[in-house]
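Listed in TrEMBL:
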BINDING   69, 107, 316, 320  divalent metal cation binding site
């Protein structure tokens, strides 16, 4: 085996799932980094990094922990022995263990957590409920402004003022024929903030203003990528059959069930909307026969049921953890078997039935 240093490994992990796909509120990527150079022989996978899991990682001589959920989420003001999350950081650094978290980047990717969860429904086709947009695209700025004028002197004044505005890019002027007249067409890209200044400037000249067009620039959507999934089953099956399939896929003895208004266990499920973890915000408003997620608030469950949608809840991390064994195999291929990848045995859902 060739040696892999932490920075190379992090770069390879970022190639596996771009962190730009994570939700804006999330805290993803390398969260704890021992002083370089740091060689990684053993990558340790867990869904939640608890103190018990950290002790296991130390015993198994992990060099990097990939924790699906970020153990550092809200900022730490100090790193002491007082709270469990601070203790995780202390232990990690004392034992020279890095911590990396992909979280919602793994929810969005086509070969990620939600895709794994769809396998619990049986044969189906799925599309993201909230598709991801391409992280980078040729045009800068969020808006394009275009206008025409035949008054060159006035135009020079306007252009010099526009150039003073911050966040203006791709400013071009082209000769154009408008209704048989020679004119100059101006086009520029700008941010939302700069747009207000450009519009204010143009509105001082009503002729220019009336010939202005504003276009919203949107990034192209990425295929099969995004939050949640809407699944259409190849063969509709009863709700009770779906429950058995999900329990078998997630290796759970039971799930929690709310039957939709006017539905029974024998009612057929054709469309299912799912989201790993805590899915209310992603599933809300989606038309389906079934919502499948880890946890949902009481009132969101009542809403779904009133709309004739059945709900299956499996507890938050039970809808995610099983993905890790698939991830183990995928990363082994992605990293060309250069490092040892192990799965936590102590990682489990904190809730049990008493």
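Backbone N, Cα and C define each Cβ position, glycine as well.
Feature map: TrEMBL annotations on the structure.
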{"residue": "69", "record": "divalent metal cation binding site", "Cβ contacts under 8 Å, 6 or more apart": "47, 48, 49, 101, 103, 317"}
{"residue": "107", "record": "divalent metal cation binding site", "Cβ contacts under 8 Å, 6 or more apart": "113, 114, 227, 275, 276, 277"}
{"residue": "316", "record": "divalent metal cation binding site", "Cβ contacts under 8 Å, 6 or more apart": "277, 278, 294, 295, 349"}
{"residue": "320", "record": "divalent metal cation binding site", "Cβ contacts under 8 Å, 6 or more apart": "47, 68, 113, 276, 277, 294"}
> Other residues with Cβ within 8 Å of the Cβ centroid of 69, 107, 316, 320 at the divalent metal cation site?
Replying inline: 47, 68, 103, 113, 276, 277, 278, 294, 317, 319
